[in-house]
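As given in Swiss-Prot:
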- 37-46: compositional bias 'Low complexity' (COMPBIAS)
- 210-258: compositional bias 'Low complexity' (COMPBIAS)
- 296-308: compositional bias 'Low complexity' (COMPBIAS)
- 656-666: compositional bias 'Basic and acidic residues' (COMPBIAS)
- 1357-1368: compositional bias 'Basic and acidic residues' (COMPBIAS)
- 1529-1540: compositional bias 'Basic and acidic residues' (COMPBIAS)
- K1307: SUMO2 cross-link (CROSSLNK)
- 1383-1493: domain 'Bromo' (DOMAIN)
- S166: phosphoserine (MOD_RES)
- S169: phosphoserine (MOD_RES)
- S334: phosphoserine (MOD_RES)
- S593: phosphoserine (MOD_RES)
- S596: phosphoserine (MOD_RES)
- S671: phosphoserine (MOD_RES)
- S675: phosphoserine (MOD_RES)
- K1002: N6-acetyllysine (MOD_RES)
- K1004: N6-acetyllysine (MOD_RES)
- S1382: phosphoserine (MOD_RES)
- S1499: phosphoserine (MOD_RES)
- S1559: phosphoserine (MOD_RES)
- 1-77: region 'Disordered' (REGION)
- 93-170: region 'Disordered' (REGION)
- 205-340: region 'Disordered' (REGION)
- 556-597: region 'Disordered' (REGION)
- 632-677: region 'Disordered' (REGION)
- 1351-1388: region 'Disordered' (REGION)
- 1493-1577: region 'Disordered' (REGION)
- 856-859: motif 'DEGH box' (MOTIF)
Amino acid sequence: MSTPTDPAAMPHPGPSPGPGPSPGPILGPSPGPGPSPGSVHSMMGPSPGPPSVSHPLSTMGSADFPQEGMHQLHKPMDGIHDKGIVEDVHCGSMKGTSMRPPHPGMGPPQSPMDQHSQGYMSPHPSPLGAPEHVSSPTPPQMPPSQPGALIPGDPQAMNQPNRGPSPFSPVQLHQLRAQILAYKMLARGQPLPETLQLAVQGKRTLPGMQQQQQQQQQQQQQQQQQQQQQQQQQQPQQPQQQAQAQPQQQQQQQQQPALVSYNRPSGPGQELLLSGQSAPQKLSAPAPSGRPSPAPQAAVQPTATAVPGPSVQQPAPGQPSPVLQLQQKQSRISPIQKPQGLDPVEILQEREYRLQARIAHRIQELESLPGSLPPDLRTKATVELKALRLLNFQRQLRQEVVACMRRDTTLETALNSKAYKRSKRQTLREARMTEKLEKQQKIEQERKRRQKHQEYLNSILQHAKDFKEYHRSVAGKIQKLSKAVATWHANTEREQKKETERIEKERMRRLMAEDEEGYRKLIDQKKDRRLAYLLQQTDEYVANLTNLVWEHKQAQAAKEKKKRRRRKKKAEENAEGGEPALGPDGEPIDESSQMSDLPVKVTHTETGKVLFGPEAPKASQLDAWLEMNPGYEVAPRSDSEESESDYEEEDEEEESSRQETEEKILLDPNSEEVSEKDAKQIIETAKQDVDDEYSMQYSARGSQSYYTVAHAISERVEKQSALLINGTLKHYQLQGLEWMVSLYNNNLNGILADEMGLGKTIQTIALITYLMEHKRLNGPYLIIVPLSTLSNWTYEFDKWAPSVVKISYKGTPAMRRSLVPQLRSGKFNVLLTTYEYIIKDKHILAKIRWKYMIVDEGHRMKNHHCKLTQVLNTHYVAPRRILLTGTPLQNKLPELWALLNFLLPTIFKSCSTFEQWFNAPFAMTGERVDLNEEETILIIRRLHKVLRPFLLRRLKKEVESQLPEKVEYVIKCDMSALQKILYRHMQAKGILLTDGSEKDKKGKGGAKTLMNTIMQLRKICNHPYMFQHIEESFAEHLGYSNGVINGAELYRASGKFELLDRILPKLRATNHRVLLFCQMTSLMTIMEDYFAFRNFLYLRLDGTTKSEDRAALLKKFNEPGSQYFIFLLSTRAGGLGLNLQAADTVVIFDSDWNPHQDLQAQDRAHRIGQQNEVRVLRLCTVNSVEEKILAAAKYKLNVDQKVIQAGMFDQKSSSHERRAFLQAILEHEEENEEEDEVPDDETLNQMIARREEEFDLFMRMDMDRRREDARNPKRKPRLMEEDELPSWIIKDDAEVERLTCEEEEEKIFGRGSRQRRDVDYSDALTEKQWLRAIEDGNLEEMEEEVRLKKRKRRRNVDKDPVKEDVEKAKKRRGRPPAEKLSPNPPKLTKQMNAIIDTVINYKDSSGRQLSEVFIQLPSRKDLPEYYELIRKPVDFKKIKERIRNHKYRSLGDLEKDVMLLCHNAQTFNLEGSQIYEDSIVLQSVFKSARQKIAKEEESEEESNEEEEEDDEEESESEAKSVKVKIKLNKKEEKGRDTGKGKKRPNRGKAKPVVSDFDSDEEQEENEQSEASGTDNE
């Protein structure tokens, strides 16, 4: 047996290695890391167990429950120590529980083999050699402890023997317990009782302490008795036990503050508390026993042999107190020493030997295994062999580890403190405490489990969150990348677009700057086929025109040469024969003619001196002058010879001009050699190059530009002709004269298109006088003018050129016939006539070969197929022609072509080519949208290039800066109540309400259907009294006797008249004179009544005014101090060619469809010579058809601006100015700056006032007018209101519908009397017959004869059936005409209209009309996707139109279309939308309306059947009562029936339907039957 001094057997203090695997060697076949079951070193602490197998009390205290419970309880205590919460208030009780010895129910201790196999340390001492391995000096039979040294609740002290007196007295122990209890209560925060305070101070013991002392004394006495008995039995062992008792007692005193356990004695409130803060780690796990290692065999053998006799092992610490008492009793009863059992050391050694033998045998078996084993078995065998070979190494390693641990341990109890703990009695309170702690532990475990689960769920949620965040970040990155890519593409596209725009701007810049080469290069770079095609066609067309112009000039020159030769030959023959000179018509010149007063050029035969002009003799005095001046003779050159020389010298001039051009190119402007004349030429050339965009330099081939070819011969005109007197031409008029002279020199014709008022008449007279003086072209000149301007032309000729002989060809046929001899004699220069007489008297006027034909207001020739153009082209010979017009392009480009074709038919041949080239940007069918700005400019410039040589146009603002400004205002006018009602009915139904007098229903009201609705609407806007029956009915209503309304009711019925009533008095007060233009003569009559009511002096000029009276009217109005305030003119008759510059205010009462008519009318006042600012007031009714007319007029003016004005054919505008003007038109063409507001008095005054003083005066006049109206007791509003209207005009919609149906019924089925006869408005006579009838004076008789012949011829044709079959066999080519449907019965139409009106007018509870969006569909342009989805679009407007055109034959057809409309809405719109729901409601409304009408029909049919039955019964009764029958022949019956039918037409029977398909034969048959019927009567 090893002593405590032996270092190998001495227990060393140190940390417990815990319940880990045993460090002993592996003694089994398994080479794994688990503990060996037979290892001596497998336990680190003492293993308590039975001292002997045969001991009767060895199994006492065993119970059937596992020992892991205590280890599980120790585990959380370790966590408490680790977390540092030992100082917690509730920690003490848990510590006590953890340090308590095992419960009796913890079960029996396991065997050493099981302990080794499980791999954890047991807290009990080993049964294999208790005397050797347990280092307790107390013998097994001794009492557990001495009474003096016993501390209640101390498990170690209970197992200690009594080694002498205790160091503490009982009083000190009582005071110590009281102090511990007080400390515990203070730690819990509880108050200390007085008894406890006295006990702490040692003044008094706690109650129950005395009983405890007595028990302790009894226990001490018992222990002394036991010690005496043991001393007698075991005296040799006593010194050793005493030697060990002292260190153990000291160890107990050292470990006493570290124990946390308490015992509850029988006394109340007594507790023993020991603080465990000093060594928590050592108490938290079982400590090893510190048993010496069995490795050194020398130490083991003495230990085994030193045990004398049987030894009794002390009871396990977990045994309860009854077991101890029983053990004490047995030791007292049987003190005999028990026999010694088997030596466990030898058994252990034998077991070791056998295990080693088995291991060696197994190693040999594994080494001798064959090599042909499968791989898996071989692997297992190899692993097992290597494990067995490692056994000794593992054993050595474990010994070294244990040796090291033994050195670190000083006290045996430090390794396993629980081995010496005294077993304590378990009280009920401790059991409850244990149960409570167990519940807390379970709750804590559940909390931890839930917390762990919550953490798990949180980790899942966090993972999901991270997952989402990750993918969101990935998606964000992808989105950013996509955005970056899209941005890159957008930037690239933007840059490309900018580059494209830059190239387009550069191209436009070069196009505008006339850099043709650069422009073509850019076109080639872009490879725009469309622009290249336009350029190519432009070049081809212009080149073609250039060739045509050149050919035309050559042809004219050749003709002129032939004529000159012929004339020269005749002149020579006449000179030889002494015949008088011939006139322009080939006849000899009469002395009384104008030609006799012209100077004749003569030359001196010797000197060659030529006399011409005033110095030359006149033609009438030529012979006498030659006799008086010998040596002179008539110069051989006549006017024809002069023109011949011009044409012969044309080529020479061209060559010289080319040489001059070359010289100009060689000249250096900066050199000193350049003369002043050359410098001027250079400047002029530069100006021309800048101004004329078409004058190009000669190309390499020397060809000239289009304009240069056209105006090859140029002549400078610096002053007007001497024949032009009483005035001087302005500079721009001289330029116009020069341009016309250039046309004459180049054998071309043109259009003088100066704006109205710039003096086209004066320039024409100047051209005639210039040609007469300088070109010897005395005429005859044919000037064709409108009838309204004929007197003005005569006046201007008398004023400017009185020496020119003129004939005004007009008047009655007798007057015109009286002028024929003068025409034939040629004793005149100019013939003035009108368009009508040119056509009527062409057999007279066309015989004269006119030198010049001048057509004023040339836009009359705009229609190529009009009669005037055809007559002039076919009958009249005039090689030189000029058109005068202020509006060269009024509506369409073909009109412009018609003018050019009339002037130059050889150049402008095909209208289709011209229109195809230039009509694209102006077509109203959408072609204009397809052209971009550049293509539009190209096409317009191409048209300008074509027009420039033949058209000259200047505007007033350009040529006459002194001309006062012209300001135009569009004034919106309101309607009166009468106008509004009439307008609404006319617009919606096409009817005009009447009082019913035309149908003998006077006062009940009626309706009158009128054709040409737009014209009727314009009449209503102007004045409702333009309808005579309305005026008569209102006259009767207002009490006027003669059926004509006068006075204030005239202006109260019309909004425009009311506006005039406010404006005209102000203009008269400020001495402004007014031109008032109207479209309708009946309106002018109403206007005259109004002027008479207001006492305005006026003049009237319209189409009925005679030509003689017109000049007198103009003279009256224009004379200074004229008393006439207003000139009332019709737009068509008085808007052309009149000079009315005395007026400074123009009122356009109603606009014309052609805006140029209104412009012409405005320029009657805004002319050269006007001194005042001109105000143009255009009246327009709000929300009426007049606004549409104004919009159409604006579009036409837009076309004119693009073509004519942007060309700026004024010969001096630069290309930059023309480009800027055209660009401004294109940019602002869609702006609309009008408002629909009716202006108030202040706004009106601002419009018509020229100065501030006038504005103030007008405001005062308005104030006075309002005051006067307020003073009038019978005052009425300025415009008529609804309460003033008669009852027959205020009808509800149902009544108006009824009247409309009646009117339609009469219109379709007739009045029932007879069929309407056709009226032939065509001319019955041919022109020859008409002229002959005029001459004979029997015009009416001739017309009647022709009509009778036509009627007979038609009857003969009707009787011929063969012709009828031939006509039927003939078919028109192309698509057959659309058949007109036969009309429906009025009742069905009425029902359909009633149903549709019910559906359309249906409103919901909120008052919203559901059918508003269904009335008219949006256009394809606004909503293209609707028409892609819906195959058959339909709306209520189309349905009503089909009802009107009788497309529906039954209500079922109507229902199909309405259902289709609703179905379309439901297909296109989403389910649940408002339109979708409205369509469902409208379906139900339609069905209910149809059912209602069906019920009404059934009730009507039933009532009709009842009436018919009653009629049949009456007729039967009448037939029975009649006894006498009168027989008549069939003719009499037929005649009587016809007479009855005429007297009382039967509306119940079917009436003949008049349709467009009735042939003429059927109509005549009906007429004949009617005629025979009337004859029989």
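Using N, Cα and C of the backbone, Cβ positions are placed for all residues, glycine too.
Computed from a predicted structure; not experimentally measured.
Feature map: Swiss-Prot annotations on the structure.
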| residue | record | DSSP class |
| --- | --- | --- |
| S169 | phosphoserine | coil |
| S1382 | phosphoserine | coil |
| S1499 | phosphoserine | helix |
Q: Could you round the CA separation between S169 (phosphoserine) and S1382 (phosphoserine) to a whole angstrom and send it over?
A: 145
Q | Average pLDDT across the domain 'Bromo' (1383-1493), rounded to a whole number | A | 86
Q. Using DSSP, how many residues in the motif 'DEGH box' (856-859) fall into helix, strand and coil?
A. 2 helix, 1 strand, 1 coil
Q) By a simple count, how many Cβ atoms lie within 10 Å of the Cβ of S169 (phosphoserine), its own Cβ left out? A) 11
Q: Would you mind reading off the Cα separation of S1382 (phosphoserine) from S1499 (phosphoserine), to the nearest angstrom?
A: 28
Q.
Around the C-beta of S1382 (phosphoserine), how many further C-beta atoms are within 10 angstroms, looking at every protein chain?
A. 11
